[in-house]
Amino acid sequence: MTIPKPSWLKVQLPHGREWRHVEEVLASKGLHTVCDEARCPNKGECWGAGTATFMIMGDTCTRGCRFCAVKTAHQGQPLDPAEPLHLAEAVKALGLKYAVITSVDRDDLPDRGAAHFAACIRAIRELSPGTLVEVLIPDYVGTELSTVLDAKPDVLAHNVETVRRLQSVRDRRASFDKSLQTLREAYAAGIPTKSSLLLGLGETEDEVLDALRELRSTGVSIVVMGQYLRPTPQEIPVTEYITPTRFAEYAEKARALGFASVISAPFARTSYHAREAWGAVDKSARKTGSGPRRGHEAETEGNTQGGSKS
């Protein structure tokens, strides 16, 4: 049975000059975005503000999570060696001070695309040295993760997606513990880390709090909680619509656990208000004199207060 959507789930329709500019830049560079491929509800707001989350390595994922609208296959498209440059050119054309890069999973590649991720980060650094770069990566560990970290992203995000009990909604190759390992290794390398939970899949409050505690124990400093919205009839149905009040309560409890930045709202997604989330972590690190600040912090010292479009 389909649950009717509540009144608070209303999205901003795409419109305006900035939206058209983003669309034109992306089309001219032949780039994909998670905004389109995953049918993100924030596309209108983000594109209207002149920003987007870039999705690299094609539009076909080698994994099949039951909540995701991105198309899947056993093998993705050949990597485009020009994509890092085209991505960097788009970031520069859009004037982004904070760029977010994500990808499809590419289990068909020897390094699962880690070197391509690193090349994209370095290309952005070359053309826009003052731009902060956040990457939302697959469950890389070991050498794959080190390859990405060596390119010095400013934030590394990886999603556990849901609570432990409901991990079966993810591809069978993913797991809560493997995701924690990715986050733990990144934090140990000195990179601020971030993860997200989709709510409304049948989880209990205790399970959400347990997941938050485990994320915090790995060193995660930014956590995002948002409502699962069924992209198409092919994905699993929504079990429950979480009220804005409950999202606010979860945010309070997450802050009490020590997260430096918490974004918790029905339409919250990993890259939603990403620069503001990074700013909270950066401010906390400066205030306490602790916490990692990697990436190119010395170069961006004068840019953290500038007019971001993210």
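A Cβ is built for glycine as well, from the same backbone N, Cα and C atoms used for every other residue.
The feature [4Fe-4S] cluster 1 binding site is assigned by TrEMBL to C35, C40, C46, S271. Secondary structure from DSSP puts S271 ([4Fe-4S] cluster 1 binding site) in coil.
Marked as domain 'Radical SAM core' by TrEMBL: 47-260.
In the three-state DSSP classification, C65 ([4Fe-4S] cluster 2 binding site) falls within coil. Per TrEMBL, [4Fe-4S] cluster 2 binding site is recorded for C61, C65, C68.
Under the heading region 'Disordered', TrEMBL lists 279-310.
The annotation compositional bias 'Polar residues' is assigned in TrEMBL to 301-310.
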For [4Fe-4S] cluster 2, residues beyond C61, C65, C68 with C-beta within 8 angstroms of the site's Cβ centre include exactly R63, G64, F67, A69, V70, T72, V104, D105, D171
How far is it from C65 ([4Fe-4S] cluster 2 binding site) to S271 ([4Fe-4S] cluster 1 binding site), counting Cα to Cα, in Å?
19
Any idea what the model's mean pLDDT is for the domain 'Radical SAM core' (47-260)?
94
Cα-Cα, C61 ([4Fe-4S] cluster 2 binding site) versus S271 ([4Fe-4S] cluster 1 binding site), nearest Å, comes out at 19
